[in-house]
Amino acid sequence: MGWAWRREQWAVAWLSVAVLGAALVGAAGAFEEGTAVYIVTMKQAPVFHKRLDLERFGSSRVAGGGGGGGGDTPSTSILMKPRFLMCRHGPAQPMNYGLYLVRLQNSLLKRTLRGERYIKLYSYRYLINGFAVVITPQQAERLSMTKEVANVMLDFSVRTATTHTPEFLGLPQGAWVQEGGPQCAGQGVVVGLIDTGIDPTHPSFADDLITDSYPVPAHYSGICEVTNDFPSGSCNRKLVGARHFAASAITRGVFNASQDHASPSDSDGHGTHTASIAAGNHGIPVVVAGHHFGNASGMAPRAHIAVYKALYKSFGGFAADVVAAIDQAAEDNVDIISLSITPNRRPPGLATFFNPIDMALLSAVKAGIFVVQAAGNTGPSPKSMSSYSPWIFTVGASAHDREYNNYVVLGNNLTITGVGLAPGTDGDSMFTLVAAPHALKNNVASPTEMSLGECQDSSHLDEDLIRGKILVCSYSIRFVLGLSSVKQALDTAKNVSAAGVIFYLDPFVIGFQLNPTPMDMPGLIIPSSDDSKVFLNYYNESLVRDETSNKIVSFGAIAKILGGQNPNYGISAPKVMFYSARGPDPEDNSLANADILKPNLIAPGSSIWGAWSSLGLDSAEFAGESFAIISGTSMAAPHVAGLAALVKQKFPYFSPAAIGSALSTTTSLSDREGNPIMAQRTYGNPNSTQSPATPFDMGNGFVNATAALDPGLIFDSSYDDFFSFLCGINGSAPVVMNYTGNSCSSSAMTGADLNLPSITIAVLNQSRTITRTVTNVASDERYTVSYSAPYGVAVSASPAQFFIPSGQRQQVTFVVNATMNGTSASFGSVGFYGDKGHRVMIPFSVISKVVHGS
């Protein structure tokens with residue numbers, strides 16, 4: 001009771017944000033043209049960096065080398081102080097310092113822009129010291145010239161990039177058992193989600209299902225914002241915090257208050273879905289369109305959820321709002337940040353890593369927060385990656401072994417696969433097919449509006465002609481854009497007494513993932529354009545027309561629909577989905593390749609059941625439902641965020657890099673049949689263009705939650721390593737100074753030198769020496785190093801065997817030589833095989849090779 005009272009008292013103060021939002025709406029309309037939102041970073045250290053200096057004061061600190069060369073003195077030990085033990089040394093001092101930074105920011109604006117118009121949107125103070133402000137380019141230039149300012153950057157836009165996946169990932173018999181069962185899995189860990197908000201009334205986020213001790217983690221200090229549509233009591237022991245950030249969007253005039261909601265409430269559905277995947281309650285019944293599809297659970301069902309809404313249905317989001325959300329989540333002391341969002345364009349400038357979001361996340365990693373981001377839905381082209389930095393754990397999307405398929409059996413004995421969570425037609429009876437354009441009232445020859453062919457309006461259709469038959473409708477791009485809906489077509493079919501409905505795919509709908517759609521009558525969507533052509537050919541060839549007038553005399557095509565409410569389970573999963581963004585990781589806008597592997601791994605992202613907001617508008621087909629089945633790397637990222645919570649629970653001292661290493665080195669490289677994981681290569685008919693996945697498709701492989709809880713060896717990296725990496729980029733010293741406030745010393749470090757659980761070399765010019773340092777987090781063990789060299793490359797490893805006591809480190813050196821010229825990527829692997837059963841695998845990728853003397 002005391003905790004709830006404290007949270008509500010804090011939340012009252014947060015109501016001022018809604019007042020600020022109202023003021024911004026008025027100001028935005030009156031603000032002169034030529035202004036824009038800028039993110040300004042100041043040189044003085046933010047609150048967390050200041051606090052870290054205080055905690056380190058008086059202790060000896062050994063400066064470590066980079067990456068694998070760290071030897072026995074890395075700058076930050078893998079065994080970090082648990083974040084919940086990082087005491088605040090008297091909260092008054094950091095709080096006062098934060099207010100001091102805000103006063104400095106305000107003073108700078110008043111002094112530099114004296115008497116001029118501007119709107120300050122946010123004060124960033126915890127991870128970065130800076131602010132977001134609406135100003136003209138001329139004002140931005142003047143701010144950039146002041147001695148206090150480090151960097152000024154134009155704001156940019158971003159976009160959003162289960163019942164069975166716990167079983168597919170082996171959690172009930174594996175990782176959950178190790179954590180004490182689903183009733184314990186993830187407890188004490190706070191997962192912060194930056195997304196479209198949450199529906200607090202959903203049973204996936206209730207705490208009244210929990211009867212035993214389930215306290216809010218003491219280290220979490222966030223609040224629950226209170227508004228009219230997010231009332232007092234929305235938060236609980238499960239949903240421990242909720243805020244929203246929309247100042248940049250409101251200022252631009254794109255915020256639709258009636259649709260987007262200036263509160264943590266989710267009017268889209270995406271945020272509710274991702275939150276439930278990561279940490280939704282265990283055993284929640286999934287009932288959609290009146291049918292029970294099983295019980296849902298998050299990956300870490302006992303973990304706690306904190307929501308930071310910075311994305312909206314109408315427009316996506318903006319970096320200024322996202323950075324504010326990241327800054328607040330870190331100050332609130334979340335353990336994990338999950339972002340199912342990506343930028344709308346590749347960041348400009350010296351390198352993709354230098355953008356406000358990635359640099360804020362670098363500070364979050366310094367604060368001990370594990371950061372997960374969706375790879376993006378821009379695949380399958382090479383270099384389509386939308387998550388760039390080595391300190392961010394990037395997740396691609398795979399299929400899993402459950403599929404919902406229904407079928408249409410045609411009168412010519414052809415069977416066509418469809419998608420539709422729908423019952424079948426009655427028995428073995430065949431039903432006449434009638435296309436909507438051929439069933440118009442008053443014998444109209446053809447429809448004058450697309451919506452008629454899409455079955456969106458029953459008033460123009462002849463009920464007597466359609467009654468008892470299967471209505472055929474077009475699924476056009478208008479369905480993708482939300483201008484037409486399956487639900488409306490179903491209403492049309494019912495209004496004209498159809499026995500069922502079949503949608504054929506318009507040829508212009510290419511590269512769009514059709515999810516199984518709930519239907520409360522027999523129906524399906526044919527998701528393949530080729531199959532749609534076959535279906536239409538049969539239909540058209542079966543029409544009987546008058547030879548003189550060419551009018552249709554009778555409909556000869558018949559079919560029956562086989563139901564699709566029960567899943568099928570295959571063995572050819574996982575596989576990389578066509579939309580999942582691919583590497584190599586682009587280092588800059590010239591598309592130069594970085595020495596960094598992206599994605600880090602793949603996780604289930606196709607046809608994922610998750611909680612759905614009662615206000616959700618993102619998918620019209622699931623409007624009013626409490627669960628939805630959707631696809632994307634947005635669904636893959638929270639799977640990993642939840643699994644990371646299980647790792648964090650077992651190893652509370654692990655650094656973010658250590659958590660990422662445990663997940664990466666224990667992946668699966670084969671499907672359920674034991675064959676190599678495949679990757680879809682095209683938008684159209686993707687299953688017909690599969691080939692074995694490479695590390696640029698799947699990273700280290702498919703996540704294996706149970707194995708990640710016993711990784712054996714860890715590849716650790718610290719903030720100082722990432723800082724040295726940034727300094728090693730040619731010409732980066734001023735940019736690094738602007739973003740971090742620290743000066744670069746001489747650094748020749750590249751991404752290949754970072755102590756990552758992978759080796760990636762973009763350009764192998766004759767020869768290269770790579771080192772990796774492993775730390776034993778299990779018992780004493782003897783390891784053998786084995787490797788498969790990429791084509792065109794010779795590799796040697798030293799030592800080839802080593803004994804490593806528990807808690808100790810071992811450096812391994814790889815000498816890599818090009819044996820042929822080439823610009824095509826080739827792939828190999830390195831395995832560390834322990835005599836107690838540990839198997840630690842990392843991929844080895846080389847793109848361009850240059851032989852000496854060529």
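Yeah, the Cβs are placed from backbone N, Cα and C, and that goes for glycine too.
Per TrEMBL, signal peptide is recorded for 1-30.
Mean per-residue pLDDT, taken over the domain 'Inhibitor I9' (38-160), amounts to 74. TrEMBL lists 38-160 with the feature domain 'Inhibitor I9'.
According to TrEMBL, the domain 'Peptidase S8/S53' annotation covers 186-684.
Cβ neighbours within 10 Å of Asp195 (active site, charge relay system), excluding its own Cβ and spanning all shown chains: 29. The active site, charge relay system feature in TrEMBL is assigned to Asp195 (among others).
All protein chains included, His270 (active site, charge relay system) registers 29 other Cβ atoms within 10 Å of its own Cβ. Here TrEMBL flags His270 (among others) as active site, charge relay system.
Per TrEMBL, active site, charge relay system is recorded for Ser634 (among others).
Summarising the annotation, TrEMBL assigns domain 'Subtilisin-like protease fibronectin type-III' to 753-846.
A sphere of 10 angstroms centred on the C-beta of Ser634 (active site, charge relay system) encloses 30 other C-beta atoms.
In this structure, the CA atom of Asp195 (active site, charge relay system) is 10 Å away from the CA atom of Ser634 (active site, charge relay system). Cα of Ser634 (active site, charge relay system) to Cα of His270 (active site, charge relay system): a distance of 8 Å.
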